[in-house]
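Per Swiss-Prot, the features are:
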type    : residues                                    : note
BINDING : ARG23, GLU80, LYS120, LYS454                : (6S)-5-formyl-5,6,7,8-tetrahydrofolate binding site
DOMAIN  : 216-377                                     : domain 'TrmE-type G'
BINDING : 226-231, 245-251, 270-273, 335-338, 358-360 : GTP binding site
BINDING : ASN226, THR245, ILE247, THR250              : K(+) binding site
BINDING : SER230, THR251                              : Mg(2+) binding site
Amino acid sequence: MSDNDTIVAQATPPGRGGVGILRISGFKAREVAETVLGKLPKPRYADYLPFKDADGSVLDQGIALWFPGPNSFTGEDVLELQGHGGPVILDLLLKRILTIPGLRIARPGEFSERAFLNDKLDLAQAEAIADLIDASSEQAARSALNSLQGAFSARVNHLVEALTHLRIYVEAAIDFPDEEIDFLSDGKIEAQLNDVMADLDAVRAEARQGSLLREGMKVVIAGRPNAGKSSLLNALAGREAAIVTDIAGTTRDVLREHIHIDGMPLHIIDTAGLREASDEVERIGIERAWQEIEQADRVLFMVDGTTTDAVDPAEIWPEFIARLPAKLPITVVRNKADITGETLGMSEVNGHALIRLSARTGEGVDVLRNHLKQSMGFDTNMEGGFLARRRHLQALEQAAEHLQQGKAQLLGAWAGELLAEELRLAQQNLSEITGEFTSDDLLGRIFSSFCIGK
């Protein structure tokens with residue numbers, strides 16, 4: 001397998017459909033056109049032609065599009081064949097194309113990878129293609145499109161350019177100490193560094209929003225049996241996702257629902273009631289419940305309000321609270337307010353949010369929805385926003401740490417070489433986002449998660 005091979009893949013989803021598309025990229029795409037179509041179509045014009053087998057018989061007929069490189073998605077010669085979407089027809093056409101020497105099936109994401117390697121896209125834009133395909137809401141799709149069009153990359157490149165100018169100034173002062181460049185008296189370096197750090201903080205804040213929009217928040221509903229966990233899942237989901245009975249321990253396994261609150265994706269997980277297991281099936285369900293709790297972004301501690309008047313989670317169930325991960329945020333949900341007559345709404349107890357509601361009637365559930373949105377700092381007005389991945393957040397955080405360390409050098413003993421090194425490392429972290437400095441292993445992991453024909 002060589003990166004110089006001409007590659008082919010189906011660009012439409014597998015299965016039956018009105019249209020099926022095969023995409024070919026590489027220097028032999030021209031030969032494919034001449035062999036299968038009998039001619040080379042006019043560049044960037046749709047041509048309706050028969051697709052022929054080796055013996056001259058017609059396999060299908062459809063539209064052929066020819067994009068000679070470098071003016072194509074991948075930067076190479078690209079041919080697209082748009083025929084009927086039957087799997088048998090597409091398979092016959094694909095087999096015909098693969099009889100031509102030098103062609104092979106594309107790896108997942110290889111078309112986008114070639115676009116990146118040929119400077120048609122930077123890495124953040126290439127990732128945005130997959131994010132746009134996987135978008136689960138209108139807001140996520142718009143933000144992914146913004147990233148694909150370069151919104152995120154432009155912000156990162158602006159930071160990289162600012163760091164370049166700052167490094168030039170610092171390193172000139174180090175290399176030419178006899179020149180009249182005084183770091184401390186004019187304050188230029190500190191002022192420029194503060195500007196870069198402020199811009200970086202703004203990008204980090206937007207990236208956290210973009211990551212939340214892409215990844216969603218994992219919320220686990222946990223508590224004793226018959227506290228109303230499954231009823232709350234149904235209320236949040238707006239449908240009967242879980243079986244609800246008066247029998248304690250009805251839920252034996254993990255149930256998952258994917259919902260949106262004003263565009264924010266939420267992964268709601270209902271778990272088995274926590275108690276001493278009565279049988280092996282329940283024991284496994286409780287083990288899985290704790291596994292989900294340990295991986296949660298937030299736990300909704302469900303309390304049956306008819307069984308206790310306590311509101312402090314440490315008082316309600318100290319053993320449960322003691323077992324939770326130290327920094328895991330919890331929200332206490334006192335359920336069955338329709339029976340207890342408690343006042344609906346939210347308050348705070350010892351640093352924990354406390355919400356009184358009725359999962360059965362739905363009263364107070366909107367308060368919980370707003371709380372979940374606000375607890376993650378989600379901004380529903382993200383016009384011009386972009387999507388971000390975990391690796392982007394890590395790169396931005398590392399860049400911020402290097403700038404903080406560089407500023408400490410500047411304001412402390414003034415070690416010019418150490419400041420210059422911190423600036424270089426921060427610039428490298430930022431450049432990893434767009435792919436200016438990226439290892440081959442990382443590229444492989446990123447593009448292998450793409451669709452085959454992308």
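For all residues, glycine too, the Cβ spot is worked out from N, Cα and C.
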With the fewest other Cβ atoms within 10 Å, the residue among the binding-site residues ASN226, SER230, SER358 is ASN226
ARG23, GLU80, LYS120, SER230 screened against ALA272 (GTP binding site), Cα within 10 Å - retained binding-site residues: SER230
ARG23 ((6S)-5-formyl-5,6,7,8-tetrahydrofolate binding site): which of the binding-site residues ASN226, LYS229, SER358 is the nearest Cα neighbour? LYS229
ARG23, LYS120, LYS229, LYS336: which of these binding-site residues has the sparsest Cβ neighbourhood within 10 Å? LYS120
Within the predicted model, mean pLDDT of the domain 'TrmE-type G' (216-377): 87
With a 10 Å radius around each C-beta, find which of these binding-site residues (GLU80, ALA272) has the fewest other C-beta atoms nearby. GLU80
Among the binding-site residues listed as ASN226, LYS229, SER230, LYS336, SER358, the Cα nearest the Cα of GLU80 ((6S)-5-formyl-5,6,7,8-tetrahydrofolate binding site) belongs to SER230
Work out the three-state DSSP category of GLU80 ((6S)-5-formyl-5,6,7,8-tetrahydrofolate binding site). strand
Let me know the DSSP-derived helix, strand or coil state of ARG23 ((6S)-5-formyl-5,6,7,8-tetrahydrofolate binding site), please. strand
